[in-house]
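J.: Starting off with a structure, shown below.
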Amino acid sequence: MSDIRSLTMSQAFNKSTTAPRQVKTTPQDNASHREIESSPKPLVRLALKMVKAHLLSRAKGASQAHYLPIRNDAVKALPLEQPILPIPRSFSFGADKVKLSPEFQIKVQYSLKDQQQRPPSVSAIDKALERCMDRLQLKRNSTVWSSTSSPRNGNPGSNTIANGELRELIIVVDDAVAALVHGMDESYTINISLNSADITVSASAEEDAVFSILNSETKDPQSLDGKVEDDDHRLKSHIHGRQQGDFNANGVAVAKAVLKTGTQWGVLHGLDTFIQLVTASPAPDSGMIEARQEQFKNVLEIPNLPWVITDKPLYGHRGLLLDTSRHYIPVKDILRTIDAMSMVKLNVLHWHVLDQQSYPLVSKAFPELTNKGAERPDYIYSEKGVAQILSFASERGVRVIPEFDMPGHAASWGRSYPNLTVCLDIQPHAQYSAEPPAGQLDPLEPFTYSVLDTLVKEWTAQFPDPLVHAGGDEINFDCWKTSPRLKDYIEHHSSREGYEGALSPVGNLPGPNDPNAMKRTRSGKQSGEDKLLEVFVDRVMEMYLSKGKRPIVWEEVALEHTVNLPKSAIVQVWKNARSTKRVYSYSLTEDLNQDEQKLIYGGEACMWGEQTDSTNLDSSVWPRSAAVAEVLWSGNADDKGEPRPLLDAAHRMSAVRERLVSMSVAAAPIFPSWCGKDLEACLV
């Protein structure tokens with residue numbers, strides 16, 4: 001089951017319509033969302049348009065869902081033996097084939113400035129080089145079927161004899177220390193050819209270049225200053241075209257391969273694509289031990305040269321929401337998930353770390369929150385564990401955006417500090433909360449804001465990303481009305497000034513011309529319930545804005561309530577989907593005009609944890625999230641608007657599932673094994 005969520009970035013609110021209420025779908029859902037960039041007026045109108053379109057899509061049901069075509073000959077296809085996912089935005093290939101030399105190495109050209117700024121041997125590029133070599137080595141030593149290729153794997157060019165050798169990949173990066181933020185340059189180009197005149201490397205940085213080499217045998221990064229004669233001469237042959245070194249000592253043509261990027265993040269993506277260009281076949285002298293397969297020392301090859309790939313993401317925010325409150329997910333499993341995310345070019349981990357059921361994030365100031373609110377004493381995320389996750393993600397070009405869901409979904413807070421919450425554990429829970437146990441933060445309790453002010457300082461210091469998710473979904477006013485104080489505030493206008501006077505005043509909010517200026521979500525009369533919610537929202541938004549954070553909230557805050565929100569706030573909108581096929585067919589720009597489509601900010605796959613823990617995390621997330629990854633990077637239509645065929649996408653999905661399994665990610669099967677013989681039959 002898959003749950004699709006969308007994000008809208010707001011900057012003005014001028015629509016008074018109330019959106020239909022939506023309910024979370026199957027808990028272990030995997031999803032995608034869309035985010036929309038700021039614009040002067042259309043927030044609520046645009047968000048409502050998406051919600052209504054999504055509800056209409058849901059009402060049609062799976063049997064009437066719109067799917068992409070199974071075949072579409074108008075869309076350029078990749079070679080079958082190189083099913084790159086996400087499919088590059090632009091590519092061309094030929095019919096030559098080269099072998100990777102046993103001494104294959106990767107050489108990176110940095111500027112001296114970059115070399116001086118980056119910590120030695122621990123940069124994102126160094127780690128990416130090591131992963132690339134590890135995965136190439138895995139291909140060398142993995143089990144390879146020696147039987148005739150099935151139609152799924154066959155290709156007219158796959159039987160071509162290698163007519164060249166590739167000894168090195170040269171990476172040229174303009175800025176190797178670029179910030180890990182939304183909008184970062186993630187583009188790259190790859191050129192691999194037997195004709196070195198087809199490939200050029202900019203000579204502008206030649207004199208200032210510092211080279212890092214990773215060899216397939218040693219895997220140890222080496223720094224060279226350009227004074228090593230052989231290596232310097234070899235690079236110049238790349239720079240100046242066909243000179244010496246086009247043939248090795250045995251007269252075999254030497255191919256040239258160059259990966260060019262603007263930043264280290266493009267290097268990471270380019271290397272993941274390069275790995276997928278490499279195929280493995282049994283070495284000629286390998287014999288059979290078992291009936292059909294054996295562990296071989298494989299030959300690595302790149303077929304279909306010359307390759308020219310020019311690639312960049314369609315959307316800058318390509319994420320995965322991971323819920324670790326309903327069920328604790330160990331740090332090692334989160335790291336494995338991040339590693340898999342980077343393989344498919346997802347770049348945001350939306351960490352839904354707190355919820356009704358547990359409070360696993362350790363606080364220095366309020367350790368009782370986890371001591372009494374965590375599921376178990378050992379089911380916690382310590383400062384060290386969080387730092388490990390952040391570092392691991394950063395090395396893979398993945399941003400971590402935490403979500404602290406409030407004022408609803410806060411029963412776990414009340415385990416240690418009951419006066420923070422109202423309606424805690426009240427029955428029947430269905431009347432007072434979306435799911436058990438009941439409990440919401442008390443917006444008129446001064447201690448609530450004392451705790452939040454301290455926690456927000458901790459959170460914003462701990463998580464460096466400029467974005468933070470403030471939650472705000474499924475607020476239940478019946479819960480608040482169980483408190484005489486809150487009920488009085490809601491129902492009696494004359495009582496409100498006294499209650500608000502007991503709270504610390506809202507700090508200095510931005511002026512009207514500031515991008516973060518507060519503005520009403522809807523016009524019209526404000527209910528007492530919404531006024532109470534606004535008391536909370538105003539204070540929490542001010543806390544985040546004062547720390548330089550840009551808040552995200554769930555759609556209910558903007559579409560169902562009349563409150564103030566920053567014009568820069570991001571509003572997350574949902575949609576429902578039920579299969580990989582439907583996820584891949586989902587259009588992020590559905591029912592949006594051209595101006596609105598330009599405001600799309602990104603997307604996300606969502607893994608809700610009610611029925612997911614570490615035992616089924618991998619199979620719940622993968623490989624379906626890879627479908628979301630391709631939609632967000634490449635789009636499910638080409639640059640001419642032609643829909644990408646499901647048959648080709650299914651082939652790429654099957655291949656990425658095999659890659660994930662080879663890396664000990666327990667990704668679920670997409671089809672029965674028989675479908676490898678006739679994949680199209682399994683899509684009908």
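Count begins at 1; order follows the chain as displayed.
In case you wondered, yes, glycine gets a Cβ from its N, Cα and C as well.
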J.: From 79-106, 107-134, 499-526, which range did TrEMBL mark with region 'Disordered'?
T.: 499-526
J.: Kindly report the helix/strand/coil residue split of the domain 'Glycoside hydrolase family 20 catalytic' (579-635) according to DSSP, in that order.
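T.: Result for the domain 'Glycoside hydrolase family 20 catalytic' (579-635), in helix, strand, coil order: 25 helix, 8 strand, 24 coil.
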J.: Please average pLDDT over the domain 'Glycoside hydrolase family 20 catalytic' (315-578) for the predicted structure.
T.: 94
J.: Could you tally the C-beta atoms, other than its own, that fall within 10 angstroms of the C-beta of GLU474 (active site, proton donor)?
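T.: Looking across every protein chain shown, the total is 18.
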